[in-house]
Amino acid sequence: PQGIGSPSVYHAVIVIFLEFFAWGLLTAPTLVVLHETFPKHTFLMNGLIQGVKGLLSFLSAPLIGALSDVWGRKSFLLLTVFFTCAPIPLMKISPWWYFAVISVSGVFAVTFSVVFAYVADITQEHERSMAYGLVSATFAASLVTSPAIGAYLGRVYGDSLVVVLATAIALLDICFILVAVPESLPEKMRPASWGAPISWEQADPFASLKKVGQDSIVLLICITVFLSYLPEAGQYSSFFLYLRQIMGFSSESVAAFIAVLGILSIIAQTIVLSLLMRSIGNKNTILLGLGFQILQLAWYGFGSEPWMMWAAGAVAAMSSITFPAVSALVSRTADADQQGVVQGMITGIRGLCNGLGPALYGFIFYIFHVELNELPMPESPAGGSVVTQYHLQQNSIIPGPPFLFGACSVLLALLVALFIPEHTNLNVRSSSWKKHCGSHGHPHSPQAPGEAKEPLLQDTNV
């Protein structure tokens, strides 16, 4: 097979690292270009762009996952990385086209889906969780380092160099896939012809969500995930713009904030999470994470000074334990043949939130008239006084209304999570799901008896 060596997790890790390192370099330049391109209703336009991208990714991920079962993973790794990184050079060529292509690129911006499928092909079931963790940690590591590097290079050499460097790294990633990444899906597992039909059931992004109401415990878990992840997805889309333009952070301060938050989150999701799971139990860990998230969002909402943002960021790192704890609860309480069903529902809900959250946050900023049209770029110490004067002009006692809305949403999630039992057996009727997932696997290939294959859509609904 084409590529260097046998398929391995390290091939997938390098692909993810290079893609998100390239985008991380552009954190500071993107915030500047966004404000310059949309001087009025900046938060609303940012929310709409990210919302369209998220919804398109949610709708297309199952179809791309199903097609990769037919045509192999390598070609779809190449396709998703190319279209995800296609907007990068347009930042300096045409900012309007840059943001237009970003929103449309959501159709193919599902690299994680294909990477998780690639990893599932080459790992045993007992190795998979660790392999997925390695991929996720690599994603976090790329974002810890790259924004700071991009901010430094932009300040010293200008944003044009940063865009050129990011474009070069994206091209390197594409070349790495072409030359070095071997195909992970064996030839015998693929259909005899490339014209193999893909059914609507395989491409239906709502397939997993349709089973949410079939078990009361699953329903409680899914409502908790929706109410807690909706504000989180919105926050990711607008928070760094908020720090840069409203709170008066410099490019370097935003990059340092991302790095510190990333490092603290990694510590929280490894050491702290394992200690909490052993000492207070799974359900209490979820409740604690939701409590930290309420505190963090309320602090963001009422905070008007930079030190408050830093303090709330430390709390945000602790709130990152919620989703791993929910996944662990599902994996411990669901039967072996139910794992893919319930995890698929949760992943599908998170994918839906990635589209709804940014649009919702942008709309709330718009309703409360948090605009940037009177606010110059705060690069000097005088920027702080301009920001304060701006808030006084707005007569707003809540600098960040969407964050306060998010805190109320997570409070509802906490109340729902109180009713989730610590120990239970999840029971989702999954006969049609198994048939559905089986058809997602390799429908033209016989499977050895007793060789359980994990449903691909467990991960491609993201």
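Glycine too: its Cβ is placed from the backbone N, Cα and C atoms.
What TrEMBL annotates here:
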type     : residues : note
DOMAIN   : 8-425    : domain 'Major facilitator superfamily (MFS) profile'
REGION   : 437-462  : region 'Disordered'
TRANSMEM : 12-35    : transmembrane segment
TRANSMEM : 47-68    : transmembrane segment
TRANSMEM : 75-91    : transmembrane segment
TRANSMEM : 97-119   : transmembrane segment
TRANSMEM : 131-154  : transmembrane segment
TRANSMEM : 160-181  : transmembrane segment
TRANSMEM : 217-234  : transmembrane segment
TRANSMEM : 254-277  : transmembrane segment
TRANSMEM : 284-302  : transmembrane segment
TRANSMEM : 308-330  : transmembrane segment
TRANSMEM : 351-368  : transmembrane segment
TRANSMEM : 403-420  : transmembrane segment
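When Cβ-Cβ distances under 8 Å to the transmembrane segment (284-302) are tallied for each of 97-119, 254-277, 308-330, 403-420, the top count falls to 308-330.
By the Cβ criterion (under 8 Å, sequence separation of 6 or more), the transmembrane segment (403-420) is in contact with the transmembrane segment (217-234), since 3+ such pairs are found. Looking at the domain 'Major facilitator superfamily (MFS) profile' (8-425) alone, the prediction's average pLDDT is 81.
Sequence-distant neighbours of the transmembrane segment (47-68) (same chain, 6+ residues past either end, Cβ-Cβ under 8 Å): 75-76, 79-80, 99, 102-110, 113-114, 117, 185, 198, 202-205, 207, 233-234, 237-238, 348, 351-363, 365, 440, 456-457, 459-462. The transmembrane segment (160-181) makes contact with the transmembrane segment (12-35), as judged by at least three Cβ pairs under 8 Å among residues 6 or more apart in sequence.
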